[in-house]
Amino acid sequence: MMKWLLVLSALVAFAECFHKMPLIKGKTAREALQEKGIWEEFRKEHPYNPMAKFYQSGTESMTNDADLSYYGVISIGTPPQSFSVIFDTGSSNLWIPSVYCSSQACQNHRKFNPQQSSTFKWGSQPLSIQYGTGSMTGYLAIDTVEVGGISVVNQVFGISKTEAAFMGSMVADGILGLAFQSIASDNVVPVFDMMVKGGLVSQPLFSVYLSSNSAQGSEVVFGGIDSSHYTGQINWIPLSSDTYWQIKMDSVTINGQTVACAGGCQAIIDTGTSLIVGPSSDISNMNSWVGASTNQYGEATVNCQNIQSMPEVTFTLNGNAFTIPASAYVSKSSYGCSTGFGQSGQQLWILGDVFIRQYYAIFDSSTPKIGLAKSI
């Protein structure tokens, strides 16, 4: 009987360390701007720059991605103040708007009030975040952050004083970075690292499931793997760099032909980028192979009637083939259809939400590696 009680208590203890963070699939900035009839004008002023947050300059990073749609609710302070954030494996800092922010972008978002938290402390230095369409400036702060039922005490995070206009169009209030401390602005210890250091998760990994169409079911699980979200085996891929969740990609093929990443390239698995992004010449080649034509905003448009006959695109990682069908890489809107392949002026590839929707992603920080399995 004693043995069974021990097993039972071990199971209960383990279950408590399996923390699910539901993600809401909300309206994107693009959809909000299209509804107001100002998308084209906005895109001219703020061209898509997916690499903006990856320029290392000692400042905190951000995105100007108008197609991000997944966010979760966290709380900060005592008593808790709630904020919606993008869980971003392509950056490493947590930041939110504050009551000290007078920018237009802060007016339509929830703002943190340090004076209402009994556990709040000021950090040691100011903060600035660079991104594609401007920057965010603010202060470092320290408080209790609650994520998916886990309370992290003395978490250092950023609170904004100014924010670029682009943030006003985003649904989320802020960003919670899940990459490594090595790229964190001001060398702040990231939220997940704090969870691991504090023994708050049973395993030093988190996993991400992004639902395809319905708004339901997307989640980040801290400290565990939810086997109900994938089928078949998990393919483990060692990291090539402990900065972003970066791996080596062998090739990109269509109908057995190499169309991009010939001879290998580097790629990062990034929940905070909506598209699959690569060097301009490679992406142009992929888009022409699938029959897309590029419009004045650099978006690759296709005839919505052609989706059934468009080819699959295969990304080979660590010798394993990960295939994305046209139904997954083409997005439909009331304005027509476009591919989820975006151009950048850099060699680094980003496998964003278009890829992660197809493959359940496990981010293991112990012997740094990524696990990918077919989503269901």
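Glycine too: its Cβ is placed from the backbone N, Cα and C atoms.
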Candidates C261, C304 - disulfide partner of C265 as recorded in TrEMBL: C261
C261, C265, C304 as disulfide-bonded residues, winner by CB count within 10 A: C261
Position of peak Cβ density within 10 Å, selected from the active-site residues D88, D270: D270
Nearest of the recorded positions (D88, C106, C304) to C261 (disulfide bond) - Cα to Cα: D88
When distances run from the Cα of C265 (disulfide bond) to each of the recorded positions D88, C106, C304, the nearest one: D88
